[in-house]
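Copied over from Swiss-Prot:
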- Cys1254, Cys1257, Cys1274, Cys1277: Zn(2+) 1 binding site (BINDING)
- 462-481: compositional bias 'Basic and acidic residues' (COMPBIAS)
- 74-254: domain 'B30.2/SPRY' (DOMAIN)
- Ala2: N-acetylalanine (MOD_RES)
- Ser675: phosphoserine (MOD_RES)
- Arg683: asymmetric dimethylarginine (MOD_RES)
Amino acid sequence: MASKGAGVPLSRKSYRLTSETERPRVTGIVHEKLLNDYLHRIFSSPDHATPTATSRKPLNFQNLPEHLDQLLQVDSEDEESQGQVEGRLGPSTVVLDHTGGFEGLLLVDDDLLGVIGHSNFGTIRSTTCVYKGKWVYEVLISSQGLMQIGWCTINCRFNQEEGVGDTHNSYAYDGNRVRKWNVTTTNYGKAWAAGDIVSCLIDLDDGTLSFCLNGVSLGTAFENLSRGLGMAYFPAISLSFKESVAFNFGSRPLRYPVAGYRPLQDPPCADLTRAQRLLGCFRAVLSVELDPMEGRLVEKESSEWQLQGQPTVLLTLAHIFHRFAPLLHQVYLVEAVLMSFLLGIVEKATPAQAQSAVHQILDLLWLFMEDYEVQDCLKQLMMSLLRLYRFSPIVPDLGLQIHYLRLTIAILRHQKSRKFLLSNVLFDVLRSVVFFYIKSPLRVEEAGLQELIPTTWWPHRSSREGKDSAEDRAEAAEERPRRRAYERGCQRLKKRIEVVEALQVQILKLLLDNKDDNGGEASRYIFLTKFRKFLQENASGRGNMPMLCPPEYMVCFLHRLISALRYYWDEYKASNPRASCSEEAYIPPQVFYNGKVDYFDLQRLGGLLSHLRKTLKDDLASKANIVIDPLELQATTMDDLDEDEEPAPAAAQRPVQALAVGGALPLPRPGWLSSPTLGRANRFLSTAAVSLMTPRRPLSTSEKVKVRTLSVEQRTREDIEGSHWNEGLLLGRPPEEPEQPLTENSLLEVLDGAIMMYNLSVHQQLGKMVGVSDDVNEYATALRDTEDKIRRCPKRRKDILAELTKSQKVFSEKLDHLSRRLAWVHATVYSQEKMLDIYWLLRVCLRTIEHGDRTGSLFAFMPEFYLSVAINSYSALKNYFGPVHSMEELPGYEETLTRLAAILAKHFADTRIVGTDIRDSLMQALASYVCYPHSLRAVERIPEEQRVAMVRSLLAPYEQRPWAQTNWILVRLWRGCGFGYRYTRLPHLLKTKPEDASLPSLQKPCPSTLLQQHMADLLRQGPDVAPSFLNSVLNQLNWAFSEFIGMIQEIQQAAERLERNFVDSRQLKVCATCFDLSVSLLRVLEMTITLVPEIFLDWARPTSEMLLRRLAQLLNQVLNRVTAERNLFDRVVTLRLPGLESVDHYPILVAVTGILVRLLVHGPSSETERATSVLLADPCFQLRSISYLLGQPEPPAPGAALPAPDRKRFSLQSYADYISAEELAQVEQMLAHLTSASAQAAAASLPTSEEDLCPICYAHPISAVFQPCGHKSCKACIDQHLMNNKDCFFCKATIVSVEDWEKGASASATSSAA
């Protein structure tokens, strides 16, 4: 650095040392006296009084270096004593011992101070130990899980189950379980949270050990520590999987120093003194101005200082920075000196003044220091700033967070610094996403929420379903002032949080600036590259789980990103009227197939990208003018095939595979981890099936474009925004898309990334945060029940009253705490503004799906997460935000609901979508959609053509496809119209709990007559629609009920064994599911018979008789199994096993009764006679099963004991709240009708020889013969067999025809052909 003095004095970095004695004069330097006064004012000695002008030595730039040497001289004792402290053994630079002092698998940072658990319970210690004196070190808690932090000796041996504190000479504090550990464990301290700092103190003079949490002492934890020969203590930690911390042994200033205790690593005292003196000189430069005209010095505020290019000032600063720059490579000095100085500016000045001052200071750093020095200094500065922000305590006014964010903004406003930090630091070295996070306080009293929200309130839910008594209303009136006071406190909190959020949005606006491209790439395009890599690391399933961005950070980052994105989107709209506003935003479909945006290995709707490019290459050419080179396509395919055959060295370099060897591994810190998929993605993209040609004019429809997919790092601004008719990201526009641009292409990519972020982890985190609200509801219910018990408690039972009062106090205190926490959660996660952000994402996804659908087969290129986000964001708005804010108040809510309904109705059976998971998600979303009245009405509002197509898909045969959800949807459309089918929860179960009221299955019946009519019309239309659908329903009913009976037989056998045994809960769940399926299939049959009875009863149809016989057979089977007293079903129901709560007589019997009533009571007499004859002809029919429905006892068999008189019998008459009098009258009419008809049938029946009975069913006489094999059966059996199989039941020969057969006569005319 000393060689930089040559050259012109005022050139770039040429005036570092400008004594230049060989030159006769220096132009521009002030006269000697003023220069002497100025330099003495700047470089005054801090230890002595200011000498008089006559006694002090004259100063000029020739003797200034000598003066500086004297000024910066410190006591030699300070430097010599560095690292030579009694009571400490080991290196002076204290780090974690990743070579030998560990147990288990751990990930260690590059600086050897941060550690992440990667095994069950890993342990690591430091390289330095202490045996005498008072020592302290700090641990920055990054995650609040299971950890034991403290001290151990070198002889302690740990394993995957035992860590620090589990051996005799190791001591630990565990804030997760709020305990201290030394072989045994006792309660100690407070619970810690992510963002806290634990100070570990050891006093080896007194033999005590204690801890502090965020600077507050938790008291002495252990006494009488073992001391003496061979007893030295190492800092140590044991942590479970995915937990992470960072240590500060003294390499940085302690956040909470403790008087009398020394950090394990000594601070650089001598360099610190020098740096502080140089900083004082620098401050003096900023507060003094030269007035050459008057020949005097002018004092002024440092915030008003401007660099005006005066040679004297520049040379002075050059001398300061010549000494200051080498010191700023030390982390300790950057944080203790430079950071403190900059924070002081931010705290004292207005935001505008602070930004101007910081901007000038950064200008000076870049001017007087080498680039590598500035870059290293900025890197350390931002890392320190992020640590300060992340680990600062929450105070009522959030003042600390505001100061740190204001300084961050001031630094990022400096263009050169911003671009360097974006390119090399913000996403590569540190988790910059932390800057957008507002941590939730675990201890509300420390965050000052008690003062901010002095009055607490929580909703009092009535225990009565949907009914509020006068007492409840009076209580609500009494609570109203309290609720309003609570809401005012919440608003005060929200306003303070909004200040922090606004600063965070400012940071992102700076990072998304695209007008700072002078002298290099604009910030926005650097951000896009880093943002895409960040998404890739978090999207990859093979990434390192502990290194992924925590979901709570993602939530905050997403909301700030949406705010900044919409700001720039609408700003572009203001200057370009033809563009779209952010309310009309969507992602054009060509982004998904032109290869300009990397979607890594994420699944597309149509499957793998390589497969789609092969199968849809003709559609790409015809619709998007994109040609795929077959040779490159083949290369891509081979590259995918060879992916698993990587060379051994390459595979060994993968981080995940390297971890398998065990031990503590140095962990690189680019972002969260260099994703293992990055190499594959880039290799795929570089050999992708498209090559680039930039046309200079608009393309005609006959021209085809060959495009080449570029990796993220290779793209330029032109590749994104486009130029000279090259549309950039929008290359390959389909004819359905408008020509005018929506907005800047770079903003489209940011929007695409925001949608991907929501899918990665934001939705799951939104669901987790609802837990606080659930806790409030549970405690509120418990408090209400306790207060009721206190009111009912007899006065003489003072002991019970005391216990109840104690419980009441505990619940009240817990609710006070939770209600304040809930206010914080509502302000940071579930506010109205956050709800609008998620709603905006939902509408963006809907428009994107609609535009993609118009491209026909190219819709298959869309990533699956667009449909997932559309489904999940609506679910979040309804279930997570809905209890706090009404969805109906959202702008355009009804229209959005209808558009989502149209997408679900169209795409749940879309053949272009092949992924099983996404198809299941669509089906489940539609099933949930039809459960709620407002969303069901939205389905009814979609165009009739789409409604009919949806119902047609629902009526497709159930074979060879997932049919349970389809059947559930049909059942929901019928619920409320069926026989005794108006219940929300089964009659034998308890009433609905308030917290369960939002579940789809517990919604009140809301049938859709419109969709029922569509179903009836479709079943009447084609000759094959109804038979194929009903045949599949009957097959599934036969399977489901048979499986159910088989399972309850096993359960009954297990229950009757004398030895102790347990029934597998999974078996019980499957059993209950089969029962529910049987009931729902019966309900679908009831709906079909009610809507279109002629399918079964009009025997002019070729399949009606066969369907009716099969239906009668199944109904009799169900009735016989369920209605027989003291049989298998009856015994299992009386067991009331957990898991079989839904198994009961009522749901299945009323479903069967509904079908029988429709067949035998409603309709003309000719139809009822046909149904009656078929039902009675079935050999399984028993009249007692029908009598059972009305509670009539079964007549005892001869010699059998009479039934117990007090035995409770099932009867539909007992369910007056669920079955109307009219329905009961119909059952009685049906019973009378069947009693009469069965008596007549018994009198008219003739005995049949066994040889004449059908050899398949042994119930009906032989009436058909198969050709050509000649085997015989009844017509019902062969018709049913031919519905599913064309081979002979007996010999497996192919049946050509079936002919009528009568005993003693030859075959007659052919009745049907196979």
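One-based numbering along the chain as shown.
Glycine too: its Cβ is placed from the backbone N, Cα and C atoms.
This view paints the features noted in Swiss-Prot onto the structure.
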residue	record	Cβ within 10 Å
Cys1254	Zn(2+) 1 binding site	19
Cys1257	Zn(2+) 1 binding site	15
Cys1274	Zn(2+) 1 binding site	22
Cys1277	Zn(2+) 1 binding site	21
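Excluding the listed site residues Cys1254, Cys1257, Cys1274, Cys1277, the same chain places Leu1253, Pro1255, Ile1256, Tyr1258, Ala1259, His1260, Ile1262, Ser1273, Lys1275, Ala1276, Ile1278 with Cβ atoms within 8 Å of the centre of the Zn(2+) 1 site Cβ atoms. Under DSSP, Cys1277 (Zn(2+) 1 binding site) is assigned to a helix (H, G or I) in the three-state scheme.
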